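Quick look at what TrEMBL lists:
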type	residues	note
COMPBIAS	297-312	compositional bias 'Polar residues'
COMPBIAS	322-332	compositional bias 'Basic and acidic residues'
DOMAIN	121-242	domain 'Palmitoyltransferase DHHC'
REGION	297-362	region 'Disordered'
TRANSMEM	12-32	transmembrane segment
TRANSMEM	44-66	transmembrane segment
TRANSMEM	166-184	transmembrane segment
TRANSMEM	204-226	transmembrane segment
Amino acid sequence: QSSGSPRRCRRVLYWIPVVFISLLLGWSYYAYAIQLCIVSMENIGEQVVCLMAYHLLFAMFVWSYWKTIFTLPMNPSKEFHLSYAEKELLEREPRGEAHQEVLRRAAKDLPIYTRTMSGAIRYCDRCQLIKPDRCHHCSVCDKCILKMDHHCPWVNNCVGFSNYKFFLLFLAYSLLYCLFIAATDLQYFIRFWTNGLPDTQAKFHIMFLFFAAAMFSVSLSSLFGYHCWLVSKNKSTLEAFRNPVFRHGTDKNGFSLGFSKNMRQVFGDEKKYWLLPVFSSQGDGCSFPTCLVNQDPEQPSTPAGLNSTVKNPENHQFPAKPLRESQSHLLKDSQTWTESIANAGKGKAGMSNPALTMENET
């Protein structure tokens, strides 16, 4: 119980940035809709147009922000968790080759193509599971998060596979919200400095509203631009700082399928849902198509059925091999990942594997 109280205190403190943003958003609504549009604007047509556009942006901003905060991050499915017997083996055996062998056997039917820097299977000691590709353990949430991008204090949540689209829309709509406020408030801000506004309460709301909108526009534009670049390259923030390591070595573009397919992996195939904060991303977060230049030397060959998929008792289907055609020719159809495997059957043989060593990775 003594350890529970500090944990609860930390949980309360984690909500402070969200409360700050919410209060700032509430004040901006009052300053813009009431003090600027209703009190200060004299033209009725201008009032109506500004209020309609403002409420549309405000609604999309709040909707996407809400979804980013309250969409639970997805964790690895039970196929990646070790069985009771495998956990006992890991506890009994000393670290080293015995650990490696247990993890290799547990991971042989899983779609795992990335490794640690030393070549070991990515394993989480705290969650006791084999990490899927692009999955990382969040020290704040104390969980493994699928396709983890980062833990964002401004939403008090991990940004990952389940809510990355919502996070991008939150950045986009918050940027548009600030730019719209700054653009429509500019003429009144100028009138403030030229003493063209009556000396009322609205005068100071208009001044601070423009400063806040302009300041946040600058920071949001750089952050949104950075994440647009990440989407175009099919990278997460963590992968941008440390390139993913495959069995054949480091490959910074290992998950990139080309701009169009990278976009669809986050936003989905149906463009009508792209601008709405509803989940439409492709895949299950546990396995991702790759565009590797070198054939995976460890992947078991299946001459009679290269296009088959590995099935588990829960009927969860995974691709049988990493997907590739060449460095310049990408997959023709993201819905039929395994059809490109036949073209990669003549992979390079005789490649030596890096020595596998156990390594904890967070």
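Cβ atoms here come from the backbone N, Cα and C positions, even for glycine.
Note: TrEMBL annotation is automatic and uncurated.
Just so it is clear, the model here is predicted, and its values are computed rather than measured.
Taking H, G and I as helix, E and B as strand and the rest as coil, DSSP gives the domain 'Palmitoyltransferase DHHC' (121-242) the counts 68 helix, 16 strand, 38 coil. Residues of the same chain lying 6 or more positions beyond the ends of the transmembrane segment (166-184) and with a Cβ under 8 Å from any Cβ of it are 28, 32, 36, 50, 53-54, 57-58, 60-61, 64-65, 67-68, 71, 149, 152, 155, 159, 209-210, 212-214, 216-217, 220-221, 223-224, 227-228, 231, 266, 275-277, 279. Restricting the average to the domain 'Palmitoyltransferase DHHC' (121-242) gives a pLDDT of 93.
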